[in-house]
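**Q** First, the structure itself, so that you have it in front of you.
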Amino acid sequence: MAPIGVGDTIPDGNLGWFDENDDLKQVSVHSLAAGKKIVLFGVPGAFTPTCSMKHVPGFIEGADELKSKGVDQILCISVNDPFVMKAWAKTYPENKDVKFLADGSATYTHALGLELDLSEKGLGTRSRRFALLVDDLKVKVANVEEGGQFTISGAEEILKAL
């Protein structure tokens, strides 16, 4: 399957997350994105160095500016279970705007065409590193990294597109 690109409609799918009451929920991507401008960014794994020290902090630090430019939601997705994503989210006590969503079986990542096979490294199927700017379910910007790079999927690149 070809990776999602500019002009495509994002697929719907359910992802796990813990709400503000610490209850485990399944949330529909379309329920979060329909009629809204969102950033959906994906990382290969929770607690991994580039994801934890660069990718996620960039979106947390840039959240106010993104919101001032019309972004309604900032969603982080990773092929991890909801408990891992909850624990990872708690390592960012300053975070008020980034939702950490779990794609435990990589079902949604496959629907996006952005899966990455890291079986050789003992990590199984993961997500490629990416950032999508989506307006009412339509992809406006699709910044998808090659390999382990982190050059085009950060918050700064999305801000340039707004």
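Using the three backbone atoms N, Cα and C, a Cβ is placed for every residue, glycine included.
All annotation found in TrEMBL is predicted automatically rather than curated by experts.
Quick caveat, the model's predicted, so the values are computed rather than measured.
Just lifted these from TrEMBL, have a look:
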ACT_SITE  CYS51  active site, cysteine sulfenic acid (-SOH) intermediate
DOMAIN    4-162  domain 'Thioredoxin'
**Q** In sequence order, which same-chain residues at least six apart have a C-beta under 8 angstroms from the residue listed as 'active site, cysteine sulfenic acid (-SOH) intermediate'?
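**A** Those within reach of the residue listed as 'active site, cysteine sulfenic acid (-SOH) intermediate', by Cβ under 8 Å and sequence separation of 6 or more, are VAL43, PRO44, GLY45, SER78, ARG129.
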**Q** Over the domain 'Thioredoxin' (4-162), work out the mean pLDDT and round it to an integer.
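**A** 94, rounded to a whole number.
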